[in-house]
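The block underneath contains the structure these notes are about, expressed in structure tokens.
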Amino acid sequence: MKLKTNIRHLHGSIRVPGDKSISHRSIIFGSLAEGETKVYDILRGEDVLSTMQVFRDLGVEIEDKDGVITIQGVGMAGLKAPQNALNMGNSGTSIRLISGVLAGADFEVEMFGDDSLSKRPMDRVTLPLKKMGVSISGQTERDLPPLRLKGTKNLRPIHYELPIASAQVKSALMFAALQAKGESVIIEKECTRNHTEDMLKQFGGHLSVDGKKITVQGPQKLTGQKVVVPGDISSAAFWLVAGLINPNSHLVLQNVGINETRTGIIDVIRAMGGKLEVTEIDPVAKSSTLTVESSDLKGTEIGGALIPRLIDELPIIALLATQAQGVTVIKDAEELKVKETDRIQVVADALNSMGADITPTADGMIIKGKSALHGARVNTFGDHRIGMMTAIAALLVADGEVELDRAEAINTSYPSFFDDLESLIHG
């Protein structure tokens, strides 16, 4: 796919699609609750559609009509054995969280995904689930998909310290703990996105959170709710960066989720001197309007507890750093290696091929700016965030063309991405 290049300004206002993390969880909680759940403004990206289809395969009635998802919950013990293996597509969130959901189901399932998902390690979730009494295994010692799982009605509670900062593993164990008899304690390495905790309470569940320690008493019952999904800050991040690095630009992003566990990119933009305004804050929906404009940027250091709050935004932050004066260091981000691709290497290769100066490290990157970008051919390797990062980078290219291979990967999380880009180019 040939990308738009040499765009000298971006103007306009858009509503980014619904938050992917919350969309996944709304389907899961709605399915496990008793009664009806209605979900508004859900993301209809391929990953979320995979989760929706999996729960249909598990016997849940889910209707998508007039822009509203209606789920007839079956309760914690109401899932049915599927007739076929469960297809998770490209979604690491789906396979990991649903492994926890099925921990208490007394039937056997196989879960598989596409080529990219089949390379992602699942041992981080299979190991603690085995401690709870679940029979679960994959391929090689890292438990790569496909996974075979047989849950148990006699699920044991767990006391577990996460060796990595992972909201997916934490959430999988929380879903399992809801079905175990007794108290489970999950201790995070660093605080990660807390959508599962927030939504558990919204659906009538109980837990206690004390810093990095989460305590869940099981078993519990959940009750169907109305869920309004805010815009995804991970999708908004591409427009935030586009507005900052393109000359003569001014962008307004409406209804963006600003959950405090996800707003690391706002902290980074401010540390780099970016002009960013947060207004119209809705404390209930945890959403706001974000306004950015072209800015002179300086390098910064990104690491530690900040990393889990912006792990998915690091590819586009790397592009931002190429347009900042000085050096930006990203560290403590080894988790990038086991995303849809090895994002440390793939981001560096993609942007370096366009003229950036990025040195990959064991746990991040060293980025020297400011770099003039030129045309190149870039492969997403099936990674949606690499595709969108490259499309934003291409806007700066004055010399040559930018070809993007496997651009369809963007549909994973942002099917309307190129439509929104066109609206901002012509705004």
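Yeah, the Cβs are placed from backbone N, Cα and C, and that goes for glycine too.
The 3-phosphoshikimate binding site feature in Swiss-Prot is assigned to Lys20, Ser21, Arg25, Ser166, Gln168, Asp312, Lys339. For Lys339 (3-phosphoshikimate binding site), applying a Cβ distance below 8 Å and a minimum sequence separation of six or more within one chain yields Gly92, Arg120, Asp383, Arg385. Mapped onto three states, the DSSP output places Lys339 (3-phosphoshikimate binding site) in coil.
The phosphoenolpyruvate binding site annotation in Swiss-Prot covers Lys20, Gly92, Arg120, Gln168, Arg343, Arg385 and rests on sequence analysis. Packing around Arg385 (phosphoenolpyruvate binding site) is summarised by its Cβ count: 28 other Cβ atoms lie within 10 angstroms of its Cβ, all protein chains included.
Annotation source Swiss-Prot lists active site, proton acceptor at Asp312, citing sequence analysis. When other Cβ atoms within 10 Å of the Cβ of Asp312 (3-phosphoshikimate binding site) are tallied across all protein chains shown, the result is 24.
Ranking the binding-site residues Ser21, Ser166, Gln168 by the number of CB atoms within 10 A of their own CB puts Ser21 at the top. In three-state terms derived from DSSP, Asp312 (3-phosphoshikimate binding site) belongs to a helical segment.
By the criterion of other Cβ atoms within 10 Å of the residue's own Cβ, the least surrounded of the binding-site residues Lys20, Arg25, Arg120, Arg343 is Arg120.
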